[in-house]
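Okay, structure first, notes after.
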Amino acid sequence: MRTRRVFAHVGLTVGALIMLYPLLWMITASLRPNTEIFTDAGLVPEHPTLGNYALGWHSTGVNFGVYIANSLIICTAVVIGNVLTCSLTAYAFARLKFVGRKTLFALMLATIMLPGHVTLIAQYSIFRNLNWIDTFWPMIVPSFLATDAFFVFLMVQFIRSIPVELDDAARIDGCGAWGIYRRIILPLLSPALVTTAIFSFIWTWNNFFSQLIYLSTRTKLTVPVALRGFLDATGSSEWGALFAMSVVTLVPVVVVFVVFQRRILAGMAHTGLK
Amino acid sequence: MSRSAADSFGTRLRQSVPGYLFLLPWLIGVLGLTVGPMVLSLYYSFTDYALFNTPAWTGLHNYTALFHDARYLHSLRVTFLYVAVSVPLEMTFALAIAVLLNRGLRGLAVYRALYYVPSLLGGSVAIALLWQQIFGSDGLLNHVLSLFGIEGHGWISEPGTALWTLIVLRVWQFGAPMVIFLAGLRQIPEDVMEAAEMDGANKWQRFWRVTLPLLSPVVFFNLVLQIIGAFQAFTPAYIISGGKGGPSDSTLFYTLYLYQQAFGNFRMGYAAAMAWVLLLIIAVFTGLNFVLGRTWVFYGDEGVRR
């Protein structure tokens, strides 16, 4: 039995190493001179250098910090928008009575699985008429209109587990719907709000498609779009610099994961979020 | 309608006001950004629309044109192959590792986190670029192979293998379904397992006869989710092929072709038709899953196989 366990551990560790090897290799490659990158499969750079980072930071003609700032602006706005409007929506569906609730709830559930492509063309044409092309609005405004139904659903489930007696007590104390939302539901909902915030951040940070179609001016680009055009912009095969900037773009996600690991994995397990 | 019924409807409507106020952002969003655009897209799909003109009605032309568009049909084949190969592989890995981890090994949390990391980062542009380099002609894989005296191969530059690098990339991200499997495995009561063990069931029998049936709702859930997700994959194919879907259209995913038609050729009506067909395909697959699911998904509280 014991040797079995040792075997299992060895197998799982080797498996994890194989899985993580590409990532570790990329970090090492970012610390190597270009000439050594593809001739060394090891994980320890012979002549470690930070030169790639300095080079990559400036080589697209725009300071890489600008892309990071753009991504952070969009991510922050999306996090705020989702936390705010999804919780308002979820509270209404979970607690308030109104005509057509069942139908609207079904509609909300249906939009969870809806492939974004069926709305894409028309949305693009609407945003174009609003003169929002090449601005951050197409990424930000939808989050303030609770369009990510996944989070609404997550919060509805959570609010349903909060005892209704608390609402009743607050009502007796003179709270209206807003007071109950603000003083009872919102504080107790905080675990779901944190989960929403984390996933909003990670998904928006990694989101490529909408940023690709809506942004074009170089100074307005976000991290994923800037990274895509990196080799074209530098006009060379600066793999080292590319890997260095790739590492830079992955760091925030890894940091968020390490800090909130338990919550992320618990959130995934409960809702099947990706 | 009697007077009192009308009155009570009026009362109910009045009582609905706070609810609608809370729902206001979502209502605007669902009408203005989801339902409205869906209807508008459906309209565009029956028109010739290039973004700069007023849409001109062409009836079913876009839809019939799809079936004569060799590249479109090819993109369907590529996408189906991608879904059909990567999803089962990903699910198998996820289930196998989850079962292995669920045996009360120490360090479960660490392993779970490590295996999840690729899912966390895998959809990003950075990882797609890394893949492009690893599987490139002068890339890491060929270098490692050369150490063993094996001749390299242009994994991404040759049409025979390019799609497979994308499949590997997806399977690499099996951590997400694995986490969901692990949560499901924890719900299986220990006494059921012990009872099976006492009845003389060996490990394989316990897995096939007890674990798998009890886990089948989770398997089903993962399957539906992964299939829907895989049909919509875009970023890795776009990055690895430089937006072209090459070589020889071997990585021309459905969504990538849609993107090219919409934002490369500005054939917005055509792209809208593609989007609606994609919705239909996904709906059919999801529906099929639910119908077939009745034969193999086991809901324990009913006590019988449905």
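Using N, Cα and C of the backbone, Cβ positions are placed for all residues, glycine too.
Automated prediction, rather than curation, is the source of TrEMBL annotations.
Quick look at what TrEMBL lists:
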TRANSMEM  A:7-27  transmembrane segment
TRANSMEM  A:67-93  transmembrane segment
DOMAIN    A:68-260  domain 'ABC transmembrane type-1'
TRANSMEM  A:105-127  transmembrane segment
TRANSMEM  A:139-159  transmembrane segment
TRANSMEM  A:180-205  transmembrane segment
TRANSMEM  A:239-260  transmembrane segment
Any chance you could find the range in A:7-27, A:67-93, A:105-127, A:139-159, A:239-260 with the most Cβ pairs under 8 Å to the transmembrane segment (A:180-205)? A:67-93
Kindly say whether the transmembrane segment (A:139-159) and the transmembrane segment (A:67-93) touch, using the definition of 3 or more Cβ pairs under 8 Å where each pair is 6 or more positions apart. yes
For the transmembrane segment (A:67-93), give me same-chain residues lying six or more residues beyond its boundaries with a C-beta closer than 8 angstroms to one of its C-beta atoms, as numbers and ranges. 101, 104-105, 108, 136, 139-140, 142-146, 148, 151-156, 158-159, 181, 185-186, 189, 193, 196-197, 200-201, 204-205, 211, 220-226, 248-249
Quickly jot the same-chain residues contacting the transmembrane segment (A:7-27) by Cβ under 8 Å, restricted to those at least six beyond its ends, or write none. 41, 43, 243, 246-247, 250
